[in-house]
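Notes follow once the structure below has been shown.
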Amino acid sequence: MYAKCAADGSVDDSRKVFEQMPEHNVMSWTAIITAYVQSGECDKEAIELFCKMISGHIRPNHFSFSSVLKACGNLSDPYTGEQVYSYAVKLGIASVNCVGNSLISMYARSGRMEDARKAFDILFEKNLVSYNAIVDGYAKNLKSEEAFLLFNEIADTGIGISAFTFASLLSGAASIGAMGKGEQIHGRLLKGGYKSNQCICNALISMYSRCGNIEAAFQVFNEMEDRNVISWTSMITGFAKHGFATRALEMFHKMLETGTKPNEITYVAVLSACSHVGMISEGQKHFNSMYKEHGIVPRMEHYACMVDLLGRSGLLVEAMEFINSMPLMADALVWRTLLGACRVHGNTELGRHAAEMILEQEPDDPAAYILLSNLHASAGQWKDVVKIRKSMKERNLIKEAGCSWIEVENRVHRFHVGETSHPQAWQIYQELDQLASKIKEMGYIPDTDFVLHDIEEEQKEQFLFQHSEKIAVAFGLISTSQSKPIRIFKNLRVCGDCHTAIKYISMATGREIVVRDSNRFHHIKNGVCSCNDYW
């Protein structure tokens, strides 16, 4: 009772009652373990309690195992989870549904989808929770094809599909930008009578905005009968990511007028909206009002947003001063944000300091090495680049490969730099050659500063036209209807030269091109981008 009624997630009162009991049985142990898991931040303590329970010769039941496996999943600790599961096998209760379902979820949350699938396949009797656990796992691990195949399997079993299943699938579609699949799911859930389900509507807002159709997201929001803080925050986040800061802030003010109390995530969205368009004073005003007006204590994400706001505007010294004034010790996220700004504005000295601070906390973070390497490369400091790459090699750190993708006729096509394995590679490169000639005539000049390799100028220009986002755009032009926008997705920040080239391509072809990178959306039409070249 105390655990379920604690608004702040505290387990102190539950623990006091537990400690006052003269004797503990499996029910009391399981109740306190579950309380710790459900509190949201006490998973290690839950596992420690489970160990005390079994050392006291209390035999756990299937609910005990289910809770402790959930704790292992929350901690992404499959090693401990496997030990716990082995004990469940020894006691002969591993085949109970709730234990098997928790094992699936534990593996999925640890990113081990092959093991999650094995755990799913060996379940003697699968229920909706089993299917939801594996579908959600595939969706969160960016394996939406497998998630959609299982979705069809659920429909065939006659088990029935829950709102959670739909929400997971919409999340999967959103993560890879598969709007066609998202629209199909939207159609299915309307038939299933989920139109007014708040959880589903929130997932739809997120799906449409993350897939590049912010107006469709806004339409879902407007049609909602009952909105909560998640609905408002999803819409504010969508407008912020798409660069519509004014609309994001208008939405925030409307939210306050309705009496809906913002939370920490709402403020991350508001500060991000200000950051994406350089509204420094507005951002500072909202940052200062968080605690004063709503009692929200700024977290590290909010400080990172403020560093981004200052750094993106070129106020690197002010950003550094802000970090030094923080009441918390800046974590790697804050320093990574500053390092990114140093890379954009070419401040090698401050960038090196930011990288050192990141590597002090996370010595095996490849992103810090890459950002610093790129900073030196853009300044032509090739010896430093070689030194950093050598250090990465010694530590076995691998750079995340740049990848762009586009959904055409419900199929996602992925492209890496210099991609030649696609069945239509010849047509793609033919289209790229024609585009290069057209846009050069219009005034496009390749910016070889974005080729961070020590090679000849002519090679640099050739290399630029092999970037994954340009290849994806070329494929989009030869594969989609003239009337539809081309929607491209990239796992990293869009290259500055590609951004310029795509603006020229939009003029040369008359097509609207929407690019989602790791930071935000770029809506490019008639040579103009929604970011106003500020990103």
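In case you wondered, yes, glycine gets a Cβ from its N, Cα and C as well.
Keep in mind it's a predicted model, so treat the numbers as computed, not measured.
Taken from TrEMBL as is:
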REPEAT    25-60  repeat 'PPR'
REPEAT    127-161  repeat 'PPR'
REPEAT    197-227  repeat 'PPR'
REPEAT    228-262  repeat 'PPR'
REPEAT    263-298  repeat 'PPR'
DOMAIN    443-535  domain 'DYW'
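Residues 97-98, 100-101, 104-105, 107-109, 111, 113, 116-117, 120, 168-169, 171-173, 175-176, 178, 181, 192, 412 of the same chain, all 6+ positions outside the repeat 'PPR' (127-161), place their C-beta atoms under 8 angstroms from a C-beta of that stretch. Within the chain carrying the repeat 'PPR' (228-262), a Cβ under 8 angstroms from the stretch's Cβ atoms is held by residues 198, 201-202, 205-206, 208-210, 214, 217-218, 221, 268-270, 272-274, 276-277, 279, 282, 294, 296, 520-523, 530-532, 535, all 6 or more beyond its ends. In terms of DSSP secondary structure, the repeat 'PPR' (228-262) contains 26 helix, 0 strand, 9 coil.
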